[in-house]
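**Q** Pulled these features from TrEMBL for this protein:
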type: COMPBIAS; residues: 1-13; note: compositional bias 'Basic and acidic residues'
type: REGION; residues: 1-25; note: region 'Disordered'
type: DOMAIN; residues: 25-365; note: domain 'Kinesin motor'
type: BINDING; residues: GLY109, GLN110, THR111, GLY112, SER113, GLY114, LYS115, THR116; note: ATP binding site
type: COILED; residues: 387-454; note: coiled coil
type: REGION; residues: 534-569; note: region 'Disordered'
type: COMPBIAS; residues: 545-556; note: compositional bias 'Pro residues'
type: REGION; residues: 582-651; note: region 'Disordered'
type: COMPBIAS; residues: 589-600; note: compositional bias 'Pro residues'
Amino acid sequence: MEERGSPDGDPARSLEQGPEGPETPIQVVLRVRPMSATELRRGQQSVLHCSGTRTLQVSPPGGGPEVAFRFGAVLDGARTQEDVFRACGVRRLGELALRGFSCTVFTFGQTGSGKTYTLTGPPPQGEGVPVPPSLAGIMQRTFAWLLDRVQRLGAPVTLRASYLEIYNEQVRDLLSLGSPRPLPVRWNKTRGFYVEQLRVVEFGSLEALMELLQMGLSRRRSSAHTLNQASSRSHALLTLYISHQAAQQMPPVEPGEPPVGGKLCFVDLAGSEKVAATGSRGELMLEANSINRSLLALGHCISLLLDPQRKQSHIPFRDSKLTKLLADSLGGRGVTLMVACVSPSAQCLPETLSTLRYASRAQRVTTRPQAPKTSVAKHPQRLEMEMLQLQEENRCLQFQLDQLDSKASGLSGTRVAWAQRNLYRMLREFMLENERLRKEKSQLQSSRDLARNEQRVLAQQVHELERCLLSACYRRQPGPGLAPSCPCLMAPAPPCHALPPLCSCPCCHVCLLCQVPLAHWACLPRERHLSQVLGPEASGGRPPSARPPPWAPPCSPGSAKCPRERSHSDWTQSRVLAEMVTEEEVVPSAPPLPVRPPSTSPGLRGGAGVPNLAQRLEALRDQIGSSLRRGRSQPPCSEGVRSPSQVLPPR
Ligand code: ADP
Ligand code: MG
């Protein structure tokens with residue numbers, strides 16, 4: 001069934017908006033019963049054709065113009081009881097009833113069109129013979145669903161039922177303990193129209209409810225006539241009252257009043273009938289007149305409800321017991337579903353057209369569904385009591401609020417003091433930390449200075465030793481033709497004058513090995529680097545270009561005995577030593593934060609290369625010693641200036 005009244009497809013949500021919320025139209029489902037065996041036997045034709053799931057086409061037998069009616073759903077004779085139950089969306093109504101709404105399902109149509117069949121299935125085939133499950137009507141299926149739903153709810157729910165009929169304009173209780181007697185229909189502001197002293201029976205199981213249904217059906221008036229062998233002669237209303245425990249605990253306003261909560265009402269109307277067509281006489285005719293009168297009143301109310309000008313004016317619900325009891329469902333706060341039933345037979349066409357027009361109009365009637373809060377709250381004495389209670393509660397809450405305020409203000413003062421204390425403690429800790437870091441920094445600086453001094457001393461020693469080594473080599477240089485004991489002579493023809501000069505004196509500006517004048521001094525960057533390492537004092541205050549490299553042996557300006565040749569390996573070793581000095585020095589930049597405890601010897605930090613340097617120095621001493629020893633065992637080399645061809649091996 002197409003859901004209407006809610007743009008987002010959830011009617012329940014919009015329904016809960018209360019009387020000021022959107023209006024909800026009555027839902028109408030059309031059911032076309034199949035042609036009966038009698039109708040087929042008489043050769044009657046079907047004049048109704050379903051077009052799609054929502055449109056019914058009526059084709060008059062004389063070839064007149066076709067008429068189409070559109071409803072929420074249209075179900076033809078081939079559809080099962082289950083199909084009808086699903087298409088009607090009764091479960092949605094059940095859900096609403098569980099949430100406190102007042103919901104009504106009513107069947108409407110010509111007598112013999114299948115109203116009772118749709119609601120309760122075929123008439124019982126015998127005393128105590130239940131309806132086969134496949135033929136069970138909307139009511140039985142709803143009962144089963146509701147009981148199951150309540151069981152799964154978990155919350156305690158009380159279920160009650162009442163069952164009445166309106167026969168010849170009299171209300172009779174179908175569940176009364178004695179023989180049914182007429183009951184008055186009253187009205188009050190809280191409940192609207194209601195049946196006084198109606199028996200409302202509590203039930204806890206599906207079986208119990210089915211028993212109540214059977215009891216009512218068996219007591220309901222029905223008669224046989226031409227169109228229906230089991231024609232209902234009364235309008236029957238079975239109402240289920242669904243109340244949650246909280247609402248149930250409220251004391252009733254009046255004794256015998258049904259508990260506050262949702263309602264789900266099934267109305268099986270007696271069918272309108274043409275007395276001439278049904279052949280009713282006597283009592284049957286009286287019943288038929290009474291039925292028709294009440295249905296006429298119902299139609300009149302629906303017409304007035306549809307008229308926008310007259311909707312707010314008086315609706316004559318009091319004209320019949322039926323309209324009184326359906327007042328809330330039609331124009332009030334209820335949610336209503338109409339199942340219009342029609343016969344497809346051409347014989348019934350005038351009644352069918354009347355029903356279709358009736359149903360078309362009904363689906364334009366709207367209600368303003370509202371879940372009743374509680375009727376108890378409207379009682380003046382209760383209102384007064386409630387007001388006093390609320391005032392008392394208000395005072396209590398105000399008092400608690402004041403207390404909380406004062407506590408809150410005291411709390412904030414404590415918090416500020418706590419924050420201040422924390423802040424001071426943090427500041428003190430930061431100051432101590434700063435002091436400690438400053439001390440550590442000065443220790444590191446002094447250890448770095450110590451390491452630098454040590455480096456400088458060691459570098460001087462290295463220079464001195466280097467100088468001794470070179471001069472020793474030079475003195476022990478073998479003569480031509482002799483086996484070259486000097487490593488320089490064994491060197492594999494390097495571009496010897498690429499070697500740096502030993503010092504700034506003119507004699508040193510020739511290649512030590514081949515005596516070629518050195519036109520270009522190519523190690524300025526290295527020299528600059530060394531001056532950075534050793535400081536300006538290392539260069540003796542001279543400009544870098546005039547300063548000898550640290551590995552150059554000291555050379556007195558007037559001395560004629562400058563080293564001319566030296567061993568290539570010694571040179572290499574000297575260079576390695578010098579590079580070690582330069583590479584292992586401490587770069588004078590900001591040191592990283594100490595990662596070791598301050599107790600660690602600071603000497604190791606700035607002068608990590610010192611022990612290494614000392615070892616190398618020792619190695620150098622050994623080498624010098626061995627060189628000297630070797631020199632003593634060899635004849636002194638000529639001190640004359642030799643040509644490069646004399647020194648270097650032939651290429
Ligand atoms: P109403 O209550 O409208 O007077 P009923 O429900 O008593 O009509 O139905 C009249 C007859 O038609 C019954 O015998 C019933 O079993 C039969 N009938 C009604 N609707 C159907 C249906 N959909 N399928 C089969 N039989 C149906
Ligand atoms: Mg009936």
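For all residues, glycine too, the Cβ spot is worked out from N, Cα and C.
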**Q** With respect to ligand 2, which members of the binding-site residues THR111, LYS115, THR116 satisfy a Cβ distance under 6 angstroms to one of its atoms?
**A** LYS115, THR116
**Q** Anything from the binding-site residues GLN110, THR111, GLY112, GLY114 with its Cβ under 6 A from ligand 1? List those in sequence order.
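**A** Once distances to ligand 1 are taken from each Cβ, THR111, GLY112, GLY114 fall under 6 Å.
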**Q** In three-state terms from DSSP, label THR116 (ATP binding site) for me.
**A** helix
**Q** Let me make sure I understand the structure: which of the binding-site residues listed (GLN110, THR111, SER113, THR116) has the fewest other Cβ atoms within 10 A of its Cβ?
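**A** Relative to the other binding-site residues in GLN110, THR111, SER113, THR116, GLN110 has the fewest Cβ atoms within 10 Å.
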**Q** Under 8 Å between C-beta atoms and at least six apart in sequence, can you list the same-chain neighbours of LYS115 (ATP binding site), or say none if there are none?
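**A** The answer is THR107, PHE108, GLY109, SER232, ASP268, LEU269, GLY271, VAL339, CYS341.
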**Q** Look up THR111 (ATP binding site) in the DSSP assignment and report helix, strand or coil.
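**A** Going by the DSSP assignment, THR111 (ATP binding site) belongs to neither helix nor strand, so it counts as coil.
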**Q** Sequence gap of 6 or more, C-beta under 8 Å: which same-chain residues meet both conditions with respect to GLY114 (ATP binding site)?
**A** ARG31, ARG33, CYS341, SER343
**Q** Give me the count of other Cβ atoms within 10 A of the Cβ belonging to GLY109 (ATP binding site).
**A** 29
**Q** Within 10 Å of the Cβ of GLY112 (ATP binding site), how many other Cβ atoms can you find? Include all protein chains, please.
**A** 28
